[in-house]
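Below is one structure; the comments refer to it alone.
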Amino acid sequence: MNVFERFLTLWVALCIVAGIALGQAAPGVFQAIGRLEIARVNLPVGGLIWVMIVPMLLKVDFAALGQVRRHWRGIGVTLFINWAVKPFSMALLAWLFIRHVFAAWLPADQLDGYVAGLILLAAAPCTAMVFVWSRLTGGDPVFTLSQVALNDTIMVFAFAPLVGLLLGLSAITVPWATLLVSVGLYIVVPVLLAQLWRRALLRRGQPAFDRALARLGPLSIAALLLTLVLLFAFQGEAILRQPLVIAMLAVPILIQVFFNSGLAYWLNRRVGEQHSIACPSALIGASNFFELAVAAAISLFGFHSGAALATVVGVLIEVPVMLLVVRIVNRSRGWYDAGTANAAASSSNPGVSP
């Protein structure tokens, strides 16, 4: 992990402080920035999101889709968690904690926004950081790349219907036109641009491609930090009034990360998949594409919304929580391998129970 990735929580905390301070010192500047929008898409944030997302998508090789059959059990488990479990479990947790457990301590006019932000956060799996988590667990790089490529392909078609369904089930009005525009701007167009750019760079050779990624990395980081500063400049008043709101929003996020990673890890063990597949499967299963969530929340509900704040809490806790999951799967390898050995023995001898 590079310095930024290792200390992401620290950088986010600094952005919180800087954003709140700047928002209090120069509110007119940020109000002017907030008005720079077309069709509810904020232009400065749209540009920053592109700078943030496109370098990540450059790393995705859709040719890896040809490797999906190689570890079909692990792929199947991860798809099940990412698209059939995680979004719905988060919607349930958001309903439980935001509308009931913490409702008395949260601003009533932001409850829908908080629920919507948590749904957006869980609606798409991570694209970039999962490569880091996979490497730290000794994960199979081909599996990781093929799983990310498959998830990104599904995301192009499934993100809008899934978000629309869950928002509707949560009794939140779905601005379909803005949602579809967001999908086009923040998923479809960046994917196409990144793949065209990737091919052009690779025609010049792998060293040219690697140099381009190295140059773009700091720009992507700067775009993320600037976006966070903008968000907290707008959210400063709400946070100062109720500083514990971040802790309350973190609770359902933490639960869903541990629940989904644990379920994916256990299911891979049950089907007899090897540990180098189960680890990235668990981490991808628990991951959130927070960059996309932040962009969609701002487009759909605005800078001042509870939805935008909820998505940023996901950024705040991403690294420490996922590093803890990395530690758990690494330290539990003995237990995992014993289970897969029993599963293999049971399949070869139906009379033996695992």
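Just so it is clear, glycine is given a Cβ too, placed from its N, Cα and C backbone atoms.
The transmembrane segment annotation in TrEMBL covers 41-58, 79-102, 114-133, 154-177, 213-234, 246-267, 279-301, 307-326.
Listed by sequence, the residues of this chain that lie at least six past the ends of the transmembrane segment (246-267) yet keep a Cβ under 8 A from its Cβ atoms are 77-78, 80-81, 85-86, 89-90, 93-94, 96-98, 102, 105-106, 114, 117-118, 121-122, 239, 278-279, 281-286, 288, 309-310, 313-314, 316-317, 321-322, 325, 329, 332, 336. Below 8 A, the CB atoms of the transmembrane segment (79-102) and the transmembrane segment (279-301) form 3+ pairs separated by six or more positions in the chain. Sequence-distant contacts of the transmembrane segment (213-234) (same chain, at least 6 residues past either end, Cβ-Cβ under 8 Å): 2, 4, 11-12, 15-16, 18-20, 22-23, 30, 33-34, 44-45, 48-49, 51-52, 54-56, 58-59, 291, 294, 298, 303-304, 308-309, 312, 315. Long-range contacts of the transmembrane segment (279-301) within the same chain: residues 40-42, 45-46, 49, 52-53, 56, 74, 77-78, 81-82, 85-86, 113, 116-117, 120-127, 129-130, 133-134, 137-140, 143-144, 147-148, 151, 155, 159, 163, 175, 178-179, 181-182, 185-187, 224, 227, 231, 253, 256-258, 260-265, 268, 273, 307-308, 310-312, 314-315, 318, 322, 325-326, 329-330, each at least 6 residues beyond the stretch ends and with a Cβ under 8 Å from a Cβ of the stretch.
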